[in-house]
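Annotated in TrEMBL:
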type	residues	note
ACT_SITE	His101	active site, proton donor
BINDING	Lys59, Asn99	(6R)-10-formyltetrahydrofolate binding site
DOMAIN	3-179	domain 'Formyl transferase N-terminal'
SITE	Asp142	site 'Raises pKa of active site His'
Amino acid sequence: MLKIAVMISGGGTDLQSIIDACQAGKINGQIELVVSNRQKAYGLERAQKAGIETAVVKKNDALIVSMFKERQIDLVVLAGYLAILTDELIDAYPNQIINIHPSLIPSFCGAGMYGMHVHEAVLNRGVKVSGATVHFVSREIDGGPIIKQVACDISDLDKAEDIQARVLEIEHQILPEVVGLYCDGRIQIENGRVKVI
Ligand SMILES: Nc1nc2c(c(=O)[nH]1)N[C@@H](CN(C=O)c1ccc(C(=O)N[C@@H](CCC(=O)O)C(=O)O)cc1)CN2
Ligand SMILES: NCC(=O)N[C@@H]1O[C@H](COP(=O)([O-])[O-])[C@@H](O)[C@H]1O
């Protein structure tokens with residue numbers, strides 16, 4: 001059973017989807033620690049209600065690495081973590097950090113593209129499909145190997161909040177699915193491309 005750490009910044013519905021999947025026996029792993037860079041993140045309450053250790057750490061990836069090593073973490077999941085990881089953390093966990101992004105990468109991603117900013121940009125550009133992406137985290141923001149993407153038709157929507165809600169439904173499906181695949185050793189990377197075996 002793999003040891004999982006989840007990093008958050010906000011409400012934690014993506015975190016909750018992993019908690020629920022673990023409790024349902026769908027993931028061969030256990031969340032050992034939830035780290036937030038914001039004191040008031042509701043996701044911290046979600047973790048505490050599930051009996052999961054939590055910590056608030058701001059701009060200190062060295063401390064985060066030490067906490068992860070101390071707990072022998074195997075997989076790090078960014079679930080709405082709205083800060084850029086330093087090389088120190090990324091280099092300590094090569095191909096062991098995954099992120100959920102609320103668009104179809106390489107569209108609408110990178111610096112400044114997070115949360116509602118993404119859906120507002122999608123709405124303003126007038127694209128007819130959006131979706132969510134789970135990818136490995138690399139030094140290039142949102143540039144790591146893509147693991148899974150699912151698209152949705154948004155041609156009937158004209159509010160960013162409604163786009164967000166539809167994309168979140170996808171997020172809550174694909175994030176726990178990918179975590180489960182990772183814990184089962186079914187994700188391989190070859191030449192920067194991901195294969196699910
Ligand atoms: N080195 C990496 N760090 C992070 C990655 C990554 O791929 N490589 N993925 C991001 C997640 N993310 C989108 O998926 C993302 C998060 C935050 C930002 C951003 O511009 N943040 C602002 C601050 C926002 C705030 O605190 O309110 C900033 O840093 O100026 C862009 C993309 C996680 N990190
Ligand atoms: N670039 C990263 C990013 O924008 N992540 C996004 O933050 C939200 C967190 O929601 P949650 O706090 O309810 O899980 C999610 O929509 C996630 O895709």
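Just so it is clear, glycine is given a Cβ too, placed from its N, Cα and C backbone atoms.
Feature map: TrEMBL annotations on the structure.
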residue : record                                      : contacts (Cβ under 8 Å, 6+ apart)
Lys59   : (6R)-10-formyltetrahydrofolate binding site : Asn37, Ala83
Asn99   : (6R)-10-formyltetrahydrofolate binding site : Val77, Leu78, Tyr81, Val134, His135, Phe136, Val137, Asp142, Gly144
His101  : active site, proton donor                   : Cys109, Val118, Ala132, Thr133, Val134, His135, Asp142
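Averaged across the domain 'Formyl transferase N-terminal' (3-179), pLDDT for the predicted model comes to 98. Among the recorded positions Lys59, His101, Asp142, residues whose Cβ is positioned under 6 Å from ligand 2 are identified as His101.
Within 10 Å of the C-beta atom of Asp142 (site 'Raises pKa of active site His') sit 20 other C-beta atoms, taking all shown protein chains into account. Ligand 1 lies within reach of His101, Asp142 from the recorded positions Lys59, His101, Asp142, judged by a C-beta closer than 6 angstroms to any of its atoms.
For the recorded site, Asp142 (site 'Raises pKa of active site His'), the DSSP three-state label reads coil.
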